[in-house]
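Here is what TrEMBL records for this protein:
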type: DOMAIN; residues: 345-458; note: domain '1,3-beta-glucan synthase component FKS1-like'
type: TRANSMEM; residues: 491-510; note: transmembrane segment
type: TRANSMEM; residues: 530-549; note: transmembrane segment
type: TRANSMEM; residues: 561-581; note: transmembrane segment
type: TRANSMEM; residues: 593-616; note: transmembrane segment
type: TRANSMEM; residues: 657-678; note: transmembrane segment
type: TRANSMEM; residues: 1471-1493; note: transmembrane segment
type: TRANSMEM; residues: 1528-1551; note: transmembrane segment
type: TRANSMEM; residues: 1641-1664; note: transmembrane segment
type: TRANSMEM; residues: 1717-1734; note: transmembrane segment
type: TRANSMEM; residues: 1746-1766; note: transmembrane segment
type: TRANSMEM; residues: 1778-1801; note: transmembrane segment
type: TRANSMEM; residues: 1813-1830; note: transmembrane segment
Amino acid sequence: MSGVYDNWERLVRATLQREQLRRSGQGHERIPSGIAGAVPPSLGRKTNIDAILQAADEIQMENPTVARILCEQAYSMAQSLDPGSDGRGVLQFKTGLMSVIKQKLAKKDGAQIDRTHDVERIWEFYQLYKRRHRVDDIQREEQKWRESGTFAANLGELELSSLEMKKVFATLRALIEVMEALSKDVPPDGVGLSILEELKRVKKSDAALSGELTPYNIVPLEAPSLTNVIGFFPEVRCVISAIRYTEHFPRLPVKVSGQRDADMFDLLEYVFGFQKDNVRNQRENVVLMVANAQSRLGIPVESDPKLDEKAITEVFLKVLDNYIKWCKYLRIRVVWNSLEAINRDRKLFMVSLYFLIWGEAANVRFLPECICYIFHHMAKELDAILDHGEASFAASCITENGSVSFLEQIIFPIYDTMAKEAARNNNGKAAHSAWRNYDDFNEYFWSPACFELSWPPKSDSSFLLQPKKRKRTGKSTFVEHRTFLHLYRSFHRLWIFLAIMFQALAIIAFNNGTLNSDTFKSVLSIGPTFAIMNFVESFLDVLLMFGAYTTARGMALSRLVIRFFWGALSSVFVTYVYVKVLQERNDPGSNSLYFRIYLLVLGVYAAIRVVFALLLKIPACHRLSEMSDQSFFQFFKWIYEERYFVGRGLFEKTSDYCRYVVFWLVIFSCKFVFAYFLQIRPLVKPTNIIADLPSLEYSWHDLISKNNNNFLTIACLWAPVVAIYLMDIHIWYTLLSAIIGGVMGARGRLGEIRSLEMVHKRFESFPEAFVKNLVSPQTRRMPFDGQSSEDTQDNNKTWAALFSPFWNEIIKSLREEDYISNREMDLLCIPSNTGSLRLVQWPLFLLSSKILLAVDLALDCKDTQADLWSRICRDEYMAYAVQECYYSVEKILRSLVDGEGRLWVERIYREINNSVLEGSLVITLSLKKLPLVLSRFTALTGLLIRNETPELAKGAAKALFDLYEVVTHDLLSSDLREQLDSWNVLVRARNEGRLFSRIEWPKDPEIKEQVKRLHLLLTVKDSAANIPKNLEARRRLEFFTNSLFMDMPSAKPVSEMMPFCVFTPYYSETVLYSSSELRLENEDGISILFYLQKIFPDEWENFLERIGRGESTADADLQDSSRDALELRFWVSYRGQTLARTVRGMMYYRRALMLQSYLERRTLGEDDFRDSFPTTTQGFELSRESRAQADLKFTYVVSCQIYGQQKQKKAPEAADIALLLQRNEALRVAFIHVEESGAAGGDISKEYYSKLVKADVHGKDQEIYSIKLPGDPKLGEGKPENQNHAIVFTRGEAVQTIDMNQDNYLEEAMKMRNLLEEFRGNHGIRPPTILGVREHVFTGSVSSLAWFMSNQETSFVTLGQRVLANPLKVRMHYGHPDVFDRIFHISRGGISKASRVINISEDIFAGFNSTLRQGNITHHEYIQVGKGRDVGLNQIALFEGKVAGGNGEQVLSRDVYRIGQLFDFFRMLSFYFTTVGFYVCTMMTVLTVYVFLYGRAYLAFSGLDRGISLQAKLLGNTALDAALNAQFLVQIGVFTAVPMIMGFILEMGLLKAVFSFITMQLQLCSVFFTFSLGTRTHYFGRTILHGGAKYKATGRGFVVRHIKFSENYRLYSRSHFVKAFEVAILLIVYIAYGYTDGGAVSYILLTISSWFLVISWLFAPYIFNPSGFEWQKTVEDFDDWTSWLLYKGGVGIKGDNSWESWWDEEQTHIQTLRGRILETILSLRFFIFQYGIVYKLHLTGKDTSLAIYGFSWVVLVGLVMIFKMFTFSPKKSNKFHLLMRFLQGLISIGFVTAVCLVVAFTDLSIADLFSSILAFIPTGWAILCLAITWKKVVRSLGLWYSVREFARMYDAGMGMLIFAPISFLSWFPFISTFQSRLLFNQAFSRGLEISIILAGNKANQQT
């Protein structure tokens, strides 16, 4: 124990030393990590020990004795609270605290401590501390403020910053508490009496103390605060007054604690038992919401502001909108009689009650209509209580012990049922139909039957029915069965349309294109097709509702039955009648009766369908159908379209409807013309001839193709064409959307400014554009030093003055981010333009070197003044520079001299001005002397820019006199020179030595700025055409300046803008790179820091310059300074995908708002805005009014789900998050806190809390709210559950969802208030509910893969989403950074869905939900947010796999089904092809290859291709070849790349776009896109077949490491390699046994795309693998792969280490009987190879008997037995070891001998041996697949070990086939060099040494 004690003391001493360093500014900016930060939670919750120890730390240097007294008191409190040290960490804490006390005592040199005077000492210090910090003055000022209601100006004169003031009050509170404890043991006289009197006084008036120390979030509602003036804004004051308790309310039996008055929330807390922190949270939420609604009304400020009825009515209607619609849908009355009948107080009560229910509902928040149900009944209870004289408990919330608890009585029973249902999903592995998800629970409330639940809810109701083992509780209105049939069911209109169009086109084509009556009758066969396919959809409705029949509504089931029987009858009737029509056509004497009946039936049916389509889908007619109450009409409407609570009214404005209809009509025109002429018609003639051919000879034993007109042959020809026909509509969509998107982008003025040269040319127009768009009208009205705005010059000056502070802050932010250097910042900054100089002063980067060029023009001038000025004006910025230089020189000289000197200056300028007016300047001045004059003036300004000293003053005077001499005697003409020389005033002054003897050194800030600027203007000689040099800085400035000319709403004043919140979910990703992580080297010796230094060399130099270090500074030197070390960590983290980068970016919103608010000069007095424009923005971040205004409008919540656990484990992420909190005062962190406690029986019970924290004055976490949850909040998907628990802490009317790999920029943050105004804009018949925002992918420069991904993603988030939003009106929420209408979404289920697995792509379901609930999603491109993407192939594959799996789950979802059913036909098409249809078409692309090749294999094996070709010469048909090869263009990504190319052209220009595209092709982007095709196909298809979609953590680090061969093999083996080998075998079979009329050329044309696919799928992971072809790496990879392959698996061994474990993991997706059956069916295709090849052997000749195939199985079994003999486990044959070896040798010799004899004496050839291998390999794989599928059966037969060894052999073989080419290419060093160039071309183009990076840093370290 003594060793532990000594270690603890050493730790404490080190901690204290670190804390002292921190206080002196040398330590890291971290949370105090001393003993004050180690108080155990069990002590910290019940006492203020933490605060007392913090106070001791604060005053340690000032008074160690008092610090010792505080520590001793803290120890006493801990001892009395937990004398046995039973709590977790209490013993260690006490031991550490005792060590600290001992150290403090040791400083007394061993002298005895007299503790009898401790009270006196602390009392004396307390009084001294109060005087020093003027606490009494602060309290008096606060009292005046509270009494008068006005915020006096002299408060700021107390010279206490907010942070200092809070620290002072915190220390005083601790001193008071300790004095109070110590005074109990002293006599009640003397000091004791003084202390008692002070305590009484403090308790009476400690508003200041409590106000500063009471935890609050944004508004200090519990107690007033002097450091936060937000409570003084009139809109906040009026709301606080409005919710205050009045005498009209029922009497409240309890008294409100604290300093605030009782209010409505106290009544609701008492009546319903809401949690105290929930009440505090929602009180602030409601206050802010109503206050912001009040501020937008623009009501003049009064001394006693009143809440306007309009404000509360607006909030009331928006918050309760969903409830009102729910009541209307269920046809029940709302709880109020009418809107006019309820007063303002009742509205506030209702809004408050709703938010309190929502705030405590936990997981029930995903059930919005359940919230409506709860609110409906609780509002009734509240109404009854409000009508009584005294408040009482609500009956529904009374617990068994007589108390009230909303959580326990209402929420917990619902949560408990949902939790038990969620437990049935078996961690996402169970079928969706086996358990109820969130949607099922919510849809219970879509029927009036929900009121059977009663109130309070009955525990025995069907809703709260607990699931039982092996028994389903029943779904609601939809069952998510796992099947591809959902595609047909959801989008049956699309498939029916494509089918009948194909049928019609084929009929026309087979009738030779002639349109006559016979053709017409044939075309009418689409009638039965239509009816039958409609019936199939009705049948699927019945089939796929299995699992919900017992619980679904009766009306819904009735509709299914009616539709089913109607569909059956109509299809039978229509088919019967059409058959009769065909019979009539063949009967020449028929009277066509059935034909007329058929036409009548079709006409009536079509008319009915058209009428209902018009009434339900066409916007102009929709209102008619809504108004009709005819039961007959409503019945048919109900049959036609099912009625849900969601999905009603999904129609758009007529003009919007027409636009997307025309869009699709164009696509259909192109598609069907292409299909008819290039797909269908070319196959008509071959089909007819093949069908008419006589019986052909088959080269195998034919089983099914006899006497059927060669049906399978025709099917093989048509199948690829049909497959392409079904998916090529997506190609046409891609092409047209690219064109439309490009045109719309050009109309939106995107890409107008796309180069630095354009920025230079158009800079003059930026201020005006900026002011008109981004500056509020309030700021624009402000005067500037009495200037008028009558002429253009003054307007330009005014605009420049308004523009300059914003532009300079943008440039400053670029410098802070190290994108530009100090010099570049000076050149880019624009002067304030608020001075007396009437000219507009532009940034120096526009004017640099212009003066020198103008001087050169003047020296060459041989013409008149007008000609000279004309030449100068050709460069407008040269003219600006000349004018500014001329006027600035005059102003500076006037400020420097007085008396005779000033007279000289005035005389000179008067003469020059006269000459200019007369046009005789070239005569008046000797322009050849201008360089001399400039050199003299430059010498003068060079002195003036420095600080004044006597020596410099003398030098400046001399320089000025030299300037006088040069100007007078060299520059001026001889006449003027003589006049000046004879001017008596100057002559006298010069003779007396007074002329320029002393000068007035510049002290005016304006003059100083002009001197510095003029000096730079005259001395910067190099052109600034390349300023800034950094590409990212250029891109940002180009986009920002371009956006100024785009259409956007005008900016409102900050006080009137819409408030918003930024919301970021975080789990355990990187927050901040640690110092060790920066230097941790990978296997190549590359560290993150070294990599970034090479990738971003200019930014590294700028960083060193910013922290005051030289360019040669070593990395180790930065560690000497803890401040520099911390800055280095942030520098690296800001270049990765870290939470620190995201937080910095999002906090720019607050900075922008503070700047905008500061410049609007809103005050806290009655005159709401000041009249003058501030001349400087310096210190705007310290303005209390600006900070408060920004906090009123912006909040940032990061939901760090496991932050509590990270803190307990002392994880580095927790410390880094705390550091972010400390550096960003407006940042809030929400997390789940788990408290464990022992329960009866030894079980551990857990309680879950949702907490919100911020940093307190000491940098520690301060808990603001702690809301108890009913249980573990993670019932569904992690991310949406993480968002849901924390969304209660968000504020405002909008919430921007931001992922933790995003970034933001100050210049973009300035446009946020413009974007928020879009919510009030006109975007169709409904206001927007989600605003889509453009993204910039900032990871594109890392590698070529990152560039491909960046371009692909950028194309989608710009051009793609632009078209989706308009004209197609189907944009959804595809992820961050969209801005949600917060109130709309939190009252409708939240900003994502969370049901397990089905909602794995949680983001897009928010878009589905918003659309179905009559929302409107728009897209805006004048603002952008940064986004990081995956940069390595493995990361990209995992990400694409996750998205594809998520889309597979979407196919099964009810949201997709409802949208597919309820959208009109054309909008449904847009929705399909931009969501799940994209993945279906991707899969169809790959399936087309399979269909084509298996068809060719069938023709080759059967011998029909040769037979038909020889007879008819048909299969060489070029039109057919072209049609079958059409998938090649799709496959290589050409059509996918069209939008990307259009985006390039639009935003980069044509030449750059062409160059970029060619570069991408040279970098093998087609290989990458083809590989991605396989990834999406595999995961999408497997998810629908078997499930298994799950979140895949891709990792977001810097990918420069080499990926091992085995790792790539594990990841891609089943998704790519197996499929590629299958295609390769098909191609080999085709070349070996197939027949093409054109020979090799025809074969190449037909199969080149398929070979390209094989090569891409097999080798892309190694082509794009850094150092993939380096010989040493290849050798190491082979060793690693063989070790992995041969390593035995077992319990606890992961697949990364053993092939056996990996193989077992790969089979886990096959779970269900249905899945096994499907896998079995799919595996049967491999048997065709053996069946076909055995009949092609030379050995078999022309024999086609079935016995040959049977004999091949005998051979296969024999080979298997031989293999089994060789792989027999030695462990099982120890006794027969020698015998086994003898047998193996004997068998080897016998086998080789037998093969040789068979080859020698039979017709078996060497080629036959290879053919046999080709035949047996697929058969073996099929057997393996079947064995894995039926694993339990195989294991029971004892064959599993053998199956595993066969599988190992197959994987070894596949690995060797892939590895062989890699190892061969690795022999050639130039291959590795070429690969590095290919991978890192982006970096090469920037002149970077990637080879150094790949080679590692070790060489550099050794030199």
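Cβ atoms are placed via backbone N, Cα and C, with glycine included.
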DSSP puts the residues of the domain '1,3-beta-glucan synthase component FKS1-like' (345-458) at 79 helix, 3 strand, 32 coil
Most Cβ pairs under 8 Å to the transmembrane segment (657-678), of 491-510, 561-581, 593-616, 1717-1734, 1813-1830, goes to 491-510
So, do the transmembrane segment (1641-1664) and the transmembrane segment (1471-1493) meet, by the test of 3 or more Cβ pairs under 8 Å (sequence gap 6 or more)? yes
Which sequence positions outside the transmembrane segment (1471-1493), separated from its termini by at least 6 residues, show Cβ-Cβ distances below 8 Å to it? 487, 491, 494, 719-720, 723-724, 726-727, 729-730, 733, 1360, 1364, 1368, 1370, 1372, 1404, 1444, 1447-1448, 1450-1451, 1456, 1459-1460, 1463, 1524, 1527, 1530-1531, 1573-1574, 1576-1577, 1580-1581, 1619, 1623, 1626-1627, 1630, 1649-1650, 1653
For the transmembrane segment (530-549), distant same-chain residues with Cβ under 8 A (at least six beyond the ends): 433, 472, 474-479, 481, 483, 485-486, 488-489, 492, 495-496, 499-500, 557, 560-561, 563-564, 566-568, 570-571, 574-575
Taken over the domain '1,3-beta-glucan synthase component FKS1-like' (345-458), the predicted model's pLDDT averages 91
